[in-house]
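Student: Feature list, courtesy of TrEMBL:
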- 100-121: transmembrane segment (TRANSMEM)
- 127-148: transmembrane segment (TRANSMEM)
- 169-195: transmembrane segment (TRANSMEM)
- 207-225: transmembrane segment (TRANSMEM)
- 262-279: transmembrane segment (TRANSMEM)
- 299-314: transmembrane segment (TRANSMEM)
- 326-346: transmembrane segment (TRANSMEM)
- 352-371: transmembrane segment (TRANSMEM)
Amino acid sequence: MSTTNQQVLAAPSYIARSGRSLWRDLCAYWILGLCNNYGYVVMLSAAHDIIGQFHYDDLSDYADAVGKGRHCHIVSTGAILLADILPSLFVKIIMPFFPFWVQIALAVCFSATGFLLVGFASFKWMALLGVIVTSASSGIGETTFLGYSSNFNKQVFLSRIYNAFIMEFYYRNVVSTWSSGTGGAGVIGSLSYAMLRSLNVSPRDTMLIMLFFPCIEALTFWVMLRKPIILPVVTVESTEQLIENDKPLVGFKEKLAYIKKLVKYMLPLGLVYLFEYFINQGLFELIYFQNTVLDGASQYRWLNVAYQIGVFVSRSSVNIFQFEKIWLTSVFQFINVVYFSTEVIYFYTPSIWLTFAIVLWEGLLGGGAYVNTFYRMSKEITPAKQQFAMAMVVQSDSYGIALAGFLAIPFHNAICLLPAPIRGLI
């Protein structure tokens, strides 16, 4: 039997030693998901405050003159959404061409810089620049870490001979723990911001406290997460079988042709995010319940908390519940758009708690679409193609979010011109 000296990515030696040590990598990926999305979530939760701090003089005049009693900002939170997503979309497209260590360093440095810029902002452009830099950090991290997870799937693919049960467990949970971590960022980010502001912590001090997360992100990747090692493939037969089952994509033309196979993942995910971010950044700010313990700004923050709780629960549920018909989530999310659009016009919902429940449902749909999309990809796409496939599909949510931002601004302004109805409360 002839042999070959070719080398491929293979399982780390600790996989063969003990399945328990796999928890170190899984926990690392949960923390990376948390830290990567934390700044992005905080900026969206703080959107109302970021805009409001630069409109002290003209807000009341605007509300009285053209707002007809509605609680409206001249610039909607959709503007913050665009500042928060367009840079992320841009870097998701270009980052695969940068060295891997550069991507990691930029993600960490941009995250810290974003918090500093927003915290010390004395002009609107400075605050928006901080949001943009934070968005770029999140986009870099999502493309880099999610693509890097395919290396662990390659390890599993090549190393099932060690321990089939442990390998299948590991294969199933890398994407799951990342998704759960990003969902956890939603809850922890929105909740921490809302609580700190409720305790009258200043916006600057709030952002400085949150510098803790970029530090944790760096330590988790460079210290906690174990890196793949190289093991030789010792027989021609095993190498031929690997190439047959897991042939990588080569060249621009081949990759471009392969994108057609990814549309079934990209289109439903993009639609779900289009609908839910149209709600969150175009309509949340317009929802207002009088005679509650929460003022308008607090209602906006806590609606974001409810949404993020839904996202966290569904992104953490893939090992318990999976579904293949992702397109159904886009249908249900569109129904939510209809509800919230009519609600901000007519104020017909009798209780704020009912609105909180629907917002929770909205988050469940969005998180479920995200985690089930990438879970399906981890199972259906061969490991050598996963890094490219995930780097492409992860862009689809950004396309939907960016379009939502553009649509939310004119819709928000049109609603602000309408007279505010009187709500019948229970």
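Cβ from N, Cα, C; glycine included.
Keep in mind the model is a prediction, meaning the values are calculated, not measured.
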Student: Apart from its near flanks, which chain residues at least 6 from the ends of the transmembrane segment (326-346) lie with a Cβ under 8 angstroms of it?
Tutor: 265, 267-269, 271-272, 275-276, 278-279, 283, 286-287, 355, 358, 361-362, 365-366, 368-369, 372-373, 376, 411, 415, 418, 421
Student: So what's near the transmembrane segment (299-314) in sequence-distant terms, Cβ-Cβ under 8 Å and 6+ beyond its ends?
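Tutor: Non-local partners: 41, 44-45, 48, 77, 180, 183-184, 186-187, 189-191, 193-194, 197, 280, 284-285, 287-289, 292, 352, 355-356, 359-368, 370-371.
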Student: By a Cβ-Cβ criterion of under 8 Å, what residues six or more beyond either terminus of the transmembrane segment (352-371) are in contact with it?
Tutor: 175-176, 179-180, 182-183, 186, 268-269, 272-273, 276, 279, 287, 289, 292, 294, 299, 302-303, 306-318, 323, 326, 329-330, 332-333, 336, 339-340, 343, 397
